[in-house]
Amino acid sequence: MSAQDIWVAPSLLAADPLNFETESKSVEDAGADLHHVDVMDGHFVPNLTFGIPFVKALKKVSGIPLDVHIMISNPDEMAMEYVKAGADYLLFHVEAATHAHRLTQVIAEAGAKPGLAINPGTSLSLLEPLLPFVKMINVMSVNPGFGGQKFIRESLSRISWLRNEIEKRSLDMRIQVDGGVNKETVGSVVEAGADVLVAGTAVYGASDRKAAIELLKNQNS
Ligand SMILES: O=C(CO)[C@@H](O)[C@H](O)COP(=O)(O)O
Ligand SMILES: [Fe+2]
């Protein structure tokens, strides 16, 4: 896969919370393709982060699409609110949705790109019937809830399985990997078939964010 095919989506979870506007601009200037927004409800995951007003405010100042990852217990009820707030990609957890198929349709009809996220301990078989209806799958490579965790290596075979399904079924979708992506893990992640790299610590935590994004895109660690 060539460097220009790889998208980097810095996770705002690792940005300075007192300066989100300047932080988001700094990664745009550094070459980010998407802003990854980790919405956590303190219920589906043991942490509480951004909500609808944040997405709405970010949308007003953002120069790149918003990749909104909702880690919430009630996506069936709330997903549309995040679409209305400005999510370009809206990814909900397959473990949390009651009517996942219906939700992908509702999101698409509202003009956003539907996506699914899946936890490390969830069977990939849950994704199978839903693949034709989404534009992005988020393969969680840590348990959701916090940034800065260690990459779970078993995620690599899950990414490969998904890449194989996409090719076999000629699907138009991307695979994002989320959690512990950095200069040590990025090579194997891309080799396994991911083409959207979510990176919080590895981008926002870097002294040179442009170099950090370039390194992820080119995997030249
Ligand atoms: O969704 C999540 C965590 O639940 C992620 O998006 C993390 O925010 C990624 O952070 P790093 O592991 O890259 O620091
Ligand atoms: Fe995320």
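Every residue gets a Cβ built from N, Cα and C, even glycine.
Residues annotated as active site, proton acceptor in TrEMBL: Asp38. Packing around Asp38 (active site, proton acceptor) is summarised by its Cβ count: 24 other Cβ atoms lie within 10 angstroms of its Cβ, all protein chains included.
The active site, proton donor annotation in TrEMBL covers Asp178. A strand conformation is recorded for Asp178 (active site, proton donor) in the three-state DSSP classification. Asp178 (active site, proton donor) counts 27 other C-beta atoms within 10 Å of its own C-beta, drawing on all protein chains shown.
If you look up TrEMBL, you'll see Ser11, His69, Gly145, Phe146, Gly147, Gly148, Asp178, Gly179, Gly180, Gly200, Thr201 marked as substrate binding site. Thr201 (substrate binding site) falls within a helical segment according to DSSP. Listed in sequence order, Ala14, Gly147, Gly148, Asn182 are the same-chain residues six or more apart from Thr201 (substrate binding site) with CB atoms under 8 A from its CB.
His69 (divalent metal cation binding site) falls within a strand segment according to DSSP. In sequence order, His36, Val37, Asp38, Val39, Leu91, Ala117, Asn138, Asp178, Val198 constitute the residues six or more apart from His69 (divalent metal cation binding site) in its chain with CB-CB distances below 8 Å. Residues or ranges marked as divalent metal cation binding site in TrEMBL: His36, Asp38, His69, Asp178.
For the binding-site residues given as Ser11, His36, Gly145, Gly147, Gly180, the lowest number of other CB atoms within 10 Å of the residue's CB is seen at Gly145.
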